[in-house]
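Take a look at the structure set out below.
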Amino acid sequence: MVKKLLPIQTCLTGKVTVPGDKSISHRAIIFGALSKGRTTITHFLDGEDCLRTIHAFEALGVTIRQEGQQVIIDSQGADNFIEPTQPIYLGNSGTTARLLLGVLAGLPFHIALYGDESLTRRPMDRVVQPLKQMGAQIDGRENSKYLPISVRGGALQSIAFIPPVKSAQVKSAVLLAGLFGNGNTTVIESTKTRDHTENMIKAFSGNISVQDNSISVPSNQQLIGTTLAVPGDISSAAFFLVAAAMVPNSKVTIEDVGLNPTRTGVIDVLQQMGASIEVVEERYIGGEAVGSITISSSTLHGIEISGEVIPRMIDEIPIVALLATQATGTTIIRDAEELRYKETDRIQTIIDTLTKLGATVEATTDGMIISGESTLSGAQVEAFGDHRIGMMIAVASLITEEEVTLVDPECINISYPTFFEDLSQLITS
Ligand code: S3P
């Protein structure tokens, strides 16, 4: 399918609530399934990736009822899981693949996993390697680097692990496997990554100790089902933050957004670029910070984005790159080589897309250099099956001189099925 997107004639105003956080929604299903008793999740992200996690745990015999944004899980914990009779399909979802591998490593079953074309190209050795070290038997394509992968799990050895990549998925996979270990499993991160797994173990009455960047989880814990409200996804909110920042005379409030400090790099970077942002009503829900963000359009300038902020905004780099094309001066993004291992090689797809729309962007090995004050033009552009590239294109189309034709808009359903409705609700008529 293609979608014709017209430039905006007015501005963006009003309030919006974005769907539930993707990372937290995945983890709520995983920990609900590992726990004894009933778990009730509200504001669950009803997007394709999170549905893959639901299907994976249904294949393990867990009873999960979903009615839109409410999910009810009734489980007796991992001891009652059953061995699936069929391989499990993971679609496009890297988080399902990596976190599920951590769980399967500890189960006495043989289970095969496969994904779509994009997921089949994404590296799995980053989790396979520590899980093998813990004693799981894992075999996959190209020396277990890629899906399809099969796992024969069981009792595991607890380890201390220093991930070679800055990845919350790797950390989470090892911590999940650590629940099936024979002692304390420790992950020591060089740079802090999103800590929703840590928060959720606490929310499900589990034990976990966090000291600076060292996280330890004891094995043989009985997690207990709970009630959880998922905060709005800051990674989805970022598209409206950027839209309001760059379309003149705009003022938008995004309500009930997750403000976990390991995720708020986009707010810090927008502020450094000169955006006018106010965060109010900060409170905690299920161990996660939540609040409302109001942003107004302003004059923006280019900056250097590198170092510890990168893992705190890794999924927001496509949309921030678009914003940088509208700022004065040059924006340099460094230390972001991980972008190459996302749903697409996002360094390449950001550059291909923005260049096609008339911007001047140059790739580097670990980021990009973006020239500001570009006039963007209309074109037919592809999302390459990457939801965040699709939404970046849709936001870019607000300010192009001519119409933009977006090829494959359906890929946005992976993380934000109601994106176009929510965007149009903000466009002042
Ligand atoms: C995620 C972690 C990040 C992020 C992804 C979700 C998670 O990936 O890009 O969208 O839920 O743990 P990495 O851990 O590979 O950096």
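Yeah, the Cβs are placed from backbone N, Cα and C, and that goes for glycine too.
Where the annotation comes from TrEMBL, it is an automatic prediction and has not been curated.
Just so it is clear, the model here is predicted, and its values are computed rather than measured.
Here's what TrEMBL has on this protein:
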ACT_SITE  D315  active site, proton acceptor
BINDING   K22, S23, R27, S167, Q169, D315, K342  3-phosphoshikimate binding site
BINDING   K22, G94, R122, Q169, R346, R388  phosphoenolpyruvate binding site
DOMAIN    10-423  domain 'Enolpyruvate transferase'
Tell me which recorded positions (S23, R27, S167, Q169, D315) have a Cβ under 6 A from ligand 1; sequence order is fine. S23, S167, Q169, D315
Those recorded positions of G94, R122, D315, R346, R388 having Cα within 10 angstroms of K22 (3-phosphoshikimate binding site): none
Neighbour-count leader, CB within 10 A, binding-site residues: K22, R27, R122: R27
Mean of pLDDT values spanning the domain 'Enolpyruvate transferase' (10-423): 98
Per DSSP, to which secondary structure element type does G94 (phosphoenolpyruvate binding site) belong, with helix, strand and coil as the options? helix
Among the binding-site residues S23, S167, which residue has the fewest other Cβ atoms within 10 Å of its own Cβ? S167
Of R27, Q169, D315, which recorded positions are close to R388 (phosphoenolpyruvate binding site), meaning a Cα within 10 Å of its Cα? D315
What is the Cβ neighbour count of K342 (3-phosphoshikimate binding site) at a 10 Å cut-off, with all protein chains included? 20
Applying a 10 Å Cβ distance cut-off over all chains shown, what neighbour count does G94 (phosphoenolpyruvate binding site) have? 20
Same-chain residues at least 6 apart in sequence with Cβ under 8 Å of the Cβ of the residue listed as 'active site, proton acceptor', in sequence order, are S235, A238, K342, R388
What whole-number value in Å do you get for the largest C-alpha pair distance within K22, G94, R122, Q169, R346, R388, the residues recorded as binding phosphoenolpyruvate? 19
Please list, in sequence order, the residues in the chain of Q169 (3-phosphoshikimate binding site) that are at least six apart in sequence and whose C-beta is under 8 Å away from its C-beta. G94, T95, R98, L99, R126, V127
